[in-house]
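Working notes, beginning with the structure itself.
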């Protein structure tokens, strides 16, 4: 009898194990996909001012819930991975003209120019000058999607192609883009100002591009002439502070670091002859064959920056390179309206770095920091359950904000004295 009871209990035991295994898998899925995380409007950090009140009234996305795709949209890793691999869904192909500018050191800067497809809501001539993320250019899908949407909203767009990033454009000088070099972006802006003397500018930077545009504006007051506003999306603000967090394994940052370093190695090695060739008399004197050997074995962006990138501009150390090329020391010199956008679940930007835009927006009336719970790094996909929409929350927010600032500038002379106090307080 006892034998019969034992054998009858075995299936029940196995069923219990199966249920436990299923429960464990479901628990892991729920945790990895962050399914229990709520949806909410983005956190806004700003000073109460006439401009802030106008923006809150004119930009519904600032106060409306950002709702990512239900199944995977609350995972910053999946949002980031989809941006990295797919870019965008059903990305359009806007038509533009490629422009070439010769720099003083012989480098050839390129940017693509896209004309507006409709009249701007204010009837004014407005150009968006756009700086993409690390090693990116105008042919990336997220840039194409944003440019097409901006064109349809009446904006001319000029998109910088980072020096050395386009696979079909050879370097004409032994130098590539770096973390904070503003030379090519400045040349593009000056071209736009000279070619379109009536246009006003909206400055937009994504990730590394956000660092470059903020640094450019803060470098000189003259750089802010004819600039209506600046928008920075998903930048980290201080490479010096970020380097330690980028070597940590929490949120897989060390893995992302490896992937980005591998991509940078491929780009640098594609220009190996120009950058390291023995017959190149213009190459930096402190760049040697030994550095090329170290490049092959590099597994992090910091190693690449230390052995190669900093030497393009003659920095004596990695610390000096990160300090001088970060926008951190220039942010307080920006006086035009400034929108700083980050995602709380961005796996590349450590939460400690978000204290920089928070502190700035608490002190400066022209600055607003927008921090949604979800979005990852340059993801911000929207959708109902599984499939994302072609346009992202980020695309819509940047255009909404730019439209609102254009309206603000047009109506400001007719506003009350209280609303005009902002310019004096800045």
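Every residue, even glycine, has its Cβ placed from backbone N, Cα and C.
Caution: TrEMBL annotation is automatic and unverified by curators.
Keep in mind that what you see is a predicted model, and the values were worked out from it rather than measured.
Marked as active site, charge relay system by TrEMBL: 207 (among others). Using a 10 Å radius centred on the Cβ of residue 207 (active site, charge relay system) and all shown protein chains, the other Cβ atoms total 23.
The feature active site, charge relay system is assigned by TrEMBL to 346 (among others). Around residue 346 (active site, charge relay system), a 10 Å sphere centred on its CB holds 25 further CB atoms from the protein chains shown.
The Cβ of residue 377 (active site, charge relay system) has 26 neighbouring Cβ atoms from other residues within 10 Å, across all protein chains displayed. If you look up TrEMBL, you'll see 377 (among others) marked as active site, charge relay system.
The domain 'AB hydrolase-1' annotation in TrEMBL covers 127-383. Averaged across the domain 'AB hydrolase-1' (127-383), the predicted model reaches a pLDDT of 94.
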Cα distance (Å, whole number) from residue 377 (active site, charge relay system) to residue 207 (active site, charge relay system): 8
